[in-house]
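Undergrad: Here it is, the structure, as structure tokens.
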Amino acid sequence: MASALSPFRFKPHSSSASGSWPSTSKHRPAVILPGLGNNSGDYEKLEITLGEYGVPTVVADVSRFDWLRNAAGLVDPNYWRGKLRPRPVLDWYFKRVNDAIREAKELSQGGNVSLIGHSAGGWLARVYMEEFGFSEISLLLTLGTPHLPPPKGVIDQTRGLLDYVEKQCTKAVYTPQFKYVCIAGRYIHGARFFGNSNVDVDPVVATDTDQPTSEVAIVTNPTSISTFRARLVGLGYKQVCGQADVWGDGVVPEISAHLEGALNISLDAVYHSPVGSDDALRPWYGSPAIVEKWIHHLLN
């Protein structure tokens with residue numbers, strides 16, 4: 001649906017992937033949406049990598065300081081009730097998304113674009129599409145996005161925002177017209193802080209079907225981790241999904257990064273953030289070797 005409240009609402013129009021493209025572009029442009037606490041510069045290497053595949057890329061203009069704007073939610077009574085809504089608190093972010101999409105559309109000469117949402121950028125993309133329309137978007141690809149609200153009994157760190165996304169945003173689909181692709185990382189297995197500290201590793205089994213949930217990586221060499229580190233990571237996982245002893249990318253549990261109806265992918269040894277990553281020793285979703293595993297979704 002489209003909101004009449006938005007001062008920056010754009011008018012959807014019909015377009016197709018077979019439209020006119022600039023001579024320098026082989027594929028539809030992509031817009032990268034930064035995650036919570038990240039800035040645009042964190043995605044510079046990813047932007048370069050995508051360009052090497054012929055995908056023109058625009059990164060939404062976000063600074064680390066910008067995230068302090070979210071403090072405006074503290075004056076909203078719904079924040080304290082755990083029923084916070086994305087707007088107007090996050091209107092500043094949606095404005096940056098809109099500006100980036102407009103810039104990308106100039107590269108495509110009116111064609112459709114792909115959205116790549118990292119971490120919170122993934123569910124913020126879903127809110128954006130719900131509020132302002134998605135007729136100009138062909139693909140939403142999320143990287144380590146916590147899509148699901150935490151279960152009852154767990155403090156919701158988003159103060160109701162993910163509950164809103166779950167209840168109000170259109171469900172994920174994987175169709176020729178519009179595709180959701182949700183990628184999760186299996187970098188480290190969490191452990192309960194108290195009790196049995198054993199870290200049980202259950203390898204992911206790849207299946208051979210055409211269903212959206214079929215593309216799952218086989219884990220062959222689980223990351224070697226200390227029990228204490230696994231417990232610390234497990235504390236974080238528990239705040240997201242209610243469970244500590246699960247796989248995840250070090251920040252977001254695998255089970256939270258997938259959506260029913262989407263093409264769900266799990267990749268081994270993938271770290272959550274570009275900050276603190278290392279392309280060789282600790283690759284993140286945007287490291288060249290990892291991009292190679294999902295780039296084809298942007299090329300068709």
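From the backbone N, Cα and C atoms, a Cβ is placed for every residue, glycine too.
So TrEMBL says this about it:
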type: COMPBIAS; residues: 14-24; note: compositional bias 'Low complexity'
type: DOMAIN; residues: 97-159; note: domain 'GPI inositol-deacylase PGAP1-like alpha/beta'
type: REGION; residues: 1-26; note: region 'Disordered'
Undergrad: With DSSP as the reference, give the number of residues of the domain 'GPI inositol-deacylase PGAP1-like alpha/beta' (97-159) in helix, strand and coil.
TA: 25 helix, 13 strand, 25 coil
Undergrad: What average pLDDT does the predicted model assign to the domain 'GPI inositol-deacylase PGAP1-like alpha/beta' (97-159)?
TA: 91
